[in-house]
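Student: The following block contains the structure, expressed as structure tokens.
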């Protein structure tokens, strides 16, 4: 434990910068809210209020129980690895790239596997798109997402280095949740930008399941999931929730999976309702993605 504390102390400056960045993003979100309300660019308070409540609960969980689970789980994994990569400039670059690459695949699986979409849909379900949307994160995602980063530990990356790399990838994405910034030319083809991420949040048929990248959008270009912004975005999911109740937003899709499993005619169908793509139905039936 002493060794872990020393390693956290070594990156305390970076963690302070990330903390200040988060405070700056919150301040910008407040300014954006006031601007939108003053100029009637935001329909009302319901979605914004839901985002704030969801964010507050998620933040509390991430800083207590989920943060502990994340660190303890990765510390146990690290203790089983007989080697550790040196912490230097090159390993930091590698850690950031691998964390971003891992994020791409985690994010993609969260769209392609319904059990994961059940929590990730929380972030997508708002029909509005602004900086508060960035903080609309599911209350249960912290129980799951750490699993995707275990391979980094097993490859020998330092636990604290891995954690910081993940935080950087996630923190970067806050500012891109805005309609105030237009297209950015060649940057849209390299990085995750507001234009690129608006597409990701679109319910337009051609925008569904596109642009999963965290910092770099090059992963999407490499794996065939890149889509530029070519028409106005309809934000939200294809079957709107039509509620701003934080409980329904967080657990509605889990209940929908349970209902589908109860009506399933076989264990195979129940399995399909749980782990196949959202909207999957057994052969000879169809259903829209929710």
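Heads up, the Cβ atoms here are built off N, Cα and C, so glycines get one too.
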Student: Transmembrane segment per TrEMBL: which of the ranges 119-145, 146-172 is that?
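Tutor: It is 146-172 that TrEMBL annotates as transmembrane segment.
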Student: Among 89-106, 179-196, indicate the range for which TrEMBL gives the feature transmembrane segment.
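Tutor: It is 89-106 that TrEMBL describes as transmembrane segment.
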Student: Would you kindly list the residues that approach the transmembrane segment (51-77) from elsewhere in its chain, counting only those six or more residues past its ends and only Cβ-Cβ distances under 8 Å?
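Tutor: Distal contacts: 4, 122, 126, 132-133, 135-139, 141-143, 146, 149-150, 153-154, 159, 162-163, 246, 249-250.
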Student: Of the residues in the domain 'Fatty acid hydroxylase' (92-225), how many are helix, strand and coil by DSSP?
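Tutor: Tallied per class, the domain 'Fatty acid hydroxylase' (92-225) gives 85 helix, 3 strand, 46 coil.
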Student: So if I exclude everything within five residues of the ends of the transmembrane segment (20-39), which remaining residues of that chain have a CB under 8 angstroms from its CBs? That is, six or more out.
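Tutor: Counting only partners 6 or more residues beyond its ends, the transmembrane segment (20-39) has Cβ contacts under 8 Å with 48, 130-132, 134-135, 171, 174-175, 178, 180.
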